[in-house]
């Protein structure tokens with residue numbers, strides 16, 4: 001099969017077909033099993049992070065270097081010409097003249113698509129506001145497949161901040177292609193947005209609301225925890241919702257043996273440290289898979305054959 005992602009922007013999961021996602025998934029698994037250090041030889045990647053990041057930025061940069069490429073960029077938009085008023089369109093024009101691809105994180109929804117419109121090289125969205133995070137979704141798919149042996153017809157529970165959490169939005173849009181069933185556990189003020197539940201209905205995917213993490217752990221194959229993102233609230237609002245849904249090891253007592261607890265990280269208090277030793281905990285392995293998922297994205301975008 002010809003590489004369907006060569007020279008393509010990776011902006012939103014909704015832009016990708018099931019076949020493209022499977023191609024990415026299988027490439028990530030192949031690179032994990034048999035690493036290659038030559039796929040980005042002679043390539044220069046622009047790492048443009050206008051918003052703080054640890055795992056995403058470092059795993060992308062690790063992926064580039066493991067593939068034989070080099071990285072230039074910044075980790076704080078305050079230290080760029082954006083602070084002087086330069087538009088995102090102009091920034092994309094300039095950096096695309098220096099590099100072979102751009103990896104961008106930005107606090108504004110839709111920023112990745114703006115950059116892609118004006119860039120001369122592929123743009124990979126590393127998170128744009130509350131909107132999309134496609135590379136996180138790919139590493140989630142790799143992890144789910146790795147732990148469950150399939151993606152079809154799984155029961156996926158999502159808990160915490162489902163309104164602003166771009167990771168759960170992207171993951172729903174991906175897993176609906178495999179006919180998964182969903183359960184949501186969140187305060188009403190942080191419920192899954194209507195546009196996501198409408199997409200699930202259109203795909204004939206069932207979903208429900210559950211009242212507790214114990215229920216979710218007993219029902220699900222995957223329990224996907226999320227952090228309430230303090231940076232998206234004022235202090236008064238944050239105090240009202242903080243700690244509403246925190247997972248402890250005792251809540252996993254009736255979980256199925258195959259249940260795995262995932263989290264995009266960083267966590268605060270929504271997963272108690274006593275969960276780390278549970279056989280269901282898999283979020284640190286999930287983070288490691290970020291390197292292989294991002295190796296797959298970069299390799300396929302910049303090579304006709306991998």
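Just so you know, glycine gets a Cβ as well, placed from its N, Cα and C.
Pulled from Swiss-Prot, these are the features on record:
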BINDING   55, 56, 105, 133, 136, 265, 266  carbamoyl phosphate binding site
BINDING   84, 166, 227  L-aspartate binding site
Integer Å distance between the CA atoms belonging to residue 55 (carbamoyl phosphate binding site) and residue 227 (L-aspartate binding site): 15
Residue 266 (carbamoyl phosphate binding site): secondary structure state under DSSP, collapsed to three categories: coil
Residues close to carbamoyl phosphate site centre defined by 55, 56, 105, 133, 136, 265, 266, Cβ within 8 Å: 53, 54, 126, 127, 167, 264, 290
Site of maximum Cβ density within 10 Å, from binding-site residues 55, 84, 133, 227: 133
In three-state DSSP terms, the structure that residue 105 (carbamoyl phosphate binding site) belongs to: strand
Rounded to the nearest Å - Cα separation of residue 55 (carbamoyl phosphate binding site) and residue 84 (L-aspartate binding site): 28
Assigned conformation of residue 136 (carbamoyl phosphate binding site) - DSSP reduced to three states: helix
Rounded Cα-Cα span from residue 133 (carbamoyl phosphate binding site) to residue 166 (L-aspartate binding site), Å: 6
Cα-to-Cα gap, residue 265 (carbamoyl phosphate binding site) vs residue 84 (L-aspartate binding site), nearest whole Å: 32
Rounded inter-Cα distance in Å - residue 133 (carbamoyl phosphate binding site), residue 84 (L-aspartate binding site): 27
Cβ-Cβ distance under 8 Å to residue 266 (carbamoyl phosphate binding site), same chain, at least six residues away: 54, 55, 227
From binding-site residues 56, 105, 136, the one whose Cα lies nearest residue 84 (L-aspartate binding site): 105
For residue 265 (carbamoyl phosphate binding site), the number of other Cβ atoms found within 10 Å of its own Cβ: 19
For the binding-site residues 105, 166, the one whose C-beta sees the most other C-beta atoms within 10 angstroms: 105
Site extent for carbamoyl phosphate, whole Å (max Cα pair distance, 55, 56, 105, 133, 136, 265, 266): 16
